[in-house]
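Quick look at what TrEMBL annotates:
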type	residues	note
BINDING	Gly31, Ala33, Val34, Asn38, Ser290, Asn322, Leu387, Asp390, Ser391	Na(+) binding site
DISULFID	Cys136-Cys145	disulfide bond
TRANSMEM	25-43	transmembrane segment
TRANSMEM	55-76	transmembrane segment
TRANSMEM	97-123	transmembrane segment
TRANSMEM	205-224	transmembrane segment
TRANSMEM	236-267	transmembrane segment
TRANSMEM	287-304	transmembrane segment
TRANSMEM	316-341	transmembrane segment
TRANSMEM	375-400	transmembrane segment
TRANSMEM	420-445	transmembrane segment
TRANSMEM	451-475	transmembrane segment
TRANSMEM	496-515	transmembrane segment
TRANSMEM	535-556	transmembrane segment
Amino acid sequence: SEMNKPQAEGKVHLQRQTWSRQMDFIMSCVGFAVGLGNVWRFPYLCFKNGGGVFLIPYVLMVFVGGVPVFFLEIALGQFMKQGGVATWNIAPLFKGLGMASMVIVFFCNTYYIMVLVWGLYFLAHSFTSPLPWATCGHEWNTVNCTTNFSRVCFNQSLSPSPPNVSSLNTSASCLEHTGLRSSVMEFWERKVLRLSGGLDEVGDISGYMVLCLLATWVIVYFCIWKGVKSAGKVVYFTAVFPYLVLVVLFFHGVSLPGALNGIIYYLKPNWSKLSEAQVWIDAATQIFFSYAIGLGALTALGSYNRFNNNCYQDAFILALINSGTSFFAGFVVFSVLGFMAAEQGVDISNVAESGPGLAFIAYPKAVSLMPLAPLWAVLFFLMLLVLGLDSQFVGVEGFITGIMDMLPPKSFLGSQRREVIVAICCFTCFTIDLSMVTQGGMYVFQLFDYYSASGITLLWQAFWECVVVAWVYGADRFMDNVACMIGYRPLPYMKWCWSYVTPVVCMAVFLFHVVNYKRLVYNAVYVYPWWGEVLGWFLALSSMLCIPLTVLYKLLHCKGTLMEVRLSLILWWTQGHYWAQLQKGRPVKDRMTPAGHNLVRQVMSCNRATVHM
C-alpha cells in the first residue's frame, strides 16, 4: 500500500497507510461484517419468527439502525484518520466510547476464534470415509450411540412441536427423548469438546485442540502483521471464496430430495408474528450483530481510506451485500435441512438449529447422509473456516490499530515495530483461549459469547455513538464534515436517525433485554452458578462502564468550570473545520485572535492532534 508522505508546513502531519485501491476497503468490510452470523443465525431467526414475514422488521431495522450507524463509524474513521479510540477525540469528554469498543473487540477476538478452532478440527477429520461422526463404535462413543435416525425418530415426527432453541443450543434432536444419542452429538460433545459436568469442572487441556488453536492464531498473525498492506490482499481470497462454496452448496442442496419442503418452511409467512415484540427485538439484535457495529473495527478500516472516498455510497453497497448474503444463506441451509428431515422421517422443526448447533451438529449430520460425504464435509468446513477467518483477522486489525494510535510514539511499546505489537496481542489472546480448550471450555466460551459481545453491550455502544455524534459534536457539523469529504451532504434521513430514531430503537431493545433477562443456561439443562453469572456481568460491564466512568473522571479532573468545558467542546468543531480544509489542501481563513489560537491548540493538544496554524 501507499504511504501518505509528510505534509508541508501548515498541513496535518500524518504517517498513515492507505488502501492500495478502494476495492481493498470494500472487500475488507465484506470479509469482516459478512461472517458466521449470516450463515448460522439469520436463517434460523427467519424460520423462528414467521418465515418471509421476518424480512419486514429486518429490512426496517437495516435502514433505521444498521446503515446509519455503519455509515457513521466508517465516515468517522475516514474523517479523523484514527482508529477506534483516538477517533473519539471529536468529543474528548466521551473518549470512553473508544475504550469500550476496544474492550468489546478484544473479548470478541478472544472467544470467536474458538469457532475456527473447532472448524479446523472437523476439517482435519473430514478426509476419511466414512466420516468419523457418521458411525458408532469409536473410543468416544457410548452404548447409547445410534445412527438409525429414521427408526428412532419416526414416532416423534407424528406430533412435532417447535423446539426451544437458544443461539447456543446443541441438542435439538428427537433422539435425546429416547435416551439414545446420535453419533454426531457424541463426536461433538465427547470427542471435540470432551464436555465436563459444569463450569467448575475445568478438566485437562486437549493437546490436539491446542495445536489447532496455535495454527489458527499463526494464520491470523501472518495475515495482518504488515497492516493493510497484507490484510488488503489476503481478504480478496477470504471474502470471495465463501461465496463460491455457498453457490456450490446451494445448487447441490436444491437438487436433494426434500429440499423444496425446507425452502418453503424457511419462507412460509406467518403474519401473526408481526404483533410479537420478540420478532422486532430479534431483527434489531441481528442487525447490530451481523453488521459488526460498536467494535471499532469499521472505524479502523475507514481510517485507511482516502479523505475524499465516497463512504456514503460504500455504506449502502456493503449493507446490501451483508443482508443479501444472509438471505441467500437461508436457501443453502434450509435446502439441506429439508433433505435431512426427509431422510430421517421427522419434521423440519426437529432439525432446525442455530449457532454451533447448526455448524457442528445439524450440517455435519446432513453431510454424512449425502453421497460423496467427505467432499461436501471438506467444502463446508473450509467455507466455515474462511468465513470466520477474515472476520477474525480484520477484528484483530481493528484492535491493533486502536492500540497503536493510543501508544505514545516515544514510549517503549510505541517505539516497537508493528509486528511486535501484533505478536504480543495474539499471544495474549492465545493464553486466554487455553481456558476454552479444556473440558469445561465450552462453558467459558458461552460465558464470553452471552455477555462480553452480546446484544446488550453492542446496543449500549451504538446508542452512545449516535448520541455523542448527534448531540455533543453536532449532527449538522458532522454532516458538514462528510460533505467536505464526499462533495455533497447525505440525505437528511441520516441526521434524523442519528439524532432520534436509532438511539430510541437501541435503548428500547436494550431495555427489553434487561427487563427480560434470564439466567444463562447451557443445552437447556445446565444452569450456570451464581459466581459464573457474576463473572459474565463483569465481562459485560467492563466495556459498558468505560463510557460513564470516563465522563466522570474527565469532569472531576479537568480544569475550569462546566461552561469552560463546554467552550472547549465547541472549539473542537473549529478543529474539525480546519482539519477538513487542510486535508483538501485549501487555505484556511484566519479570523481568530491569538488567545483563541492558544485555546484551540490546547484542546487539540489534549487530543493528540497536530495541526500547525
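Cβ coordinates are placed from backbone N, Cα and C, and glycine is handled just like the others.
Feature map: annotations from TrEMBL on the structure.
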residue: Gly31; record: Na(+) binding site; Cβ contacts under 8 Å, 6 or more apart: Val235, Thr238, Ala239, Asp390, Ser391, Val394
residue: Val34; record: Na(+) binding site; Cβ contacts under 8 Å, 6 or more apart: Ala239, Pro242, Ser290, Ile321, Asn322, Thr325, Leu387, Ser391
residue: Cys136; record: disulfide bond; Cβ contacts under 8 Å, 6 or more apart: Cys145, Thr146, Thr147, Ser183, Glu186
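Shown in sequence order, Val30, Phe32, Gly35, Leu36, Gly37, Ala239, Ala292, Thr325 are the same-chain residues outside Gly31, Ala33, Val34, Asn38, Ser290, Asn322, Leu387, Asp390, Ser391 whose Cβ sits within 8 Å of the Cβ centre of the Na(+) site. With a threshold of 8 Å between CB atoms, the same-chain residues lying at least 6 positions outside the transmembrane segment (496-515) that come near it are 61, 64-65, 68-69, 72, 277, 281, 284-285, 288, 455-456, 459-460, 462-463, 466-467, 469-471, 475, 478. Ranked by the number of CB pairs under 8 Å to the transmembrane segment (25-43), the listed stretches 55-76, 205-224, 236-267, 316-341, 375-400 are led by 316-341. It is 97-123 that, among the stretches 97-123, 316-341, 451-475, 535-556, forms the most Cβ pairs under 8 Å with the transmembrane segment (375-400). For the binding-site residues shown (Ser290, Ser391), fewest C-beta neighbours within 10 angstroms: Ser290. Just going by CB pairs under 8 A, the stretch in 97-123, 236-267, 535-556 that sits most against the transmembrane segment (205-224) is 97-123.
Its own atom aside, the Cβ of Cys145 (disulfide bond) has 21 Cβ atoms within 10 angstroms in the protein chains shown. Using a Cβ-Cβ cut-off under 8 Å and counting only residues 6 or more beyond its ends in the same chain, the transmembrane segment (535-556) has close neighbours at 92-97, 99-101, 103-104, 107, 447-448, 450-452, 454, 456-457, 460-461, 464, 520, 528, 562, 565.
Between the transmembrane segment (236-267) and the transmembrane segment (316-341), the number of CB pairs under 8 angstroms, six or more residues apart, is three or more, so the stretches are in contact. Contact between the transmembrane segment (97-123) and the transmembrane segment (316-341) is not supported: fewer than 3 Cβ pairs lie under 8 Å, counting only residues 6 or more apart in sequence. Using a 10 Å Cβ-Cβ cutoff, Leu387 (Na(+) binding site) registers 31 neighbours.
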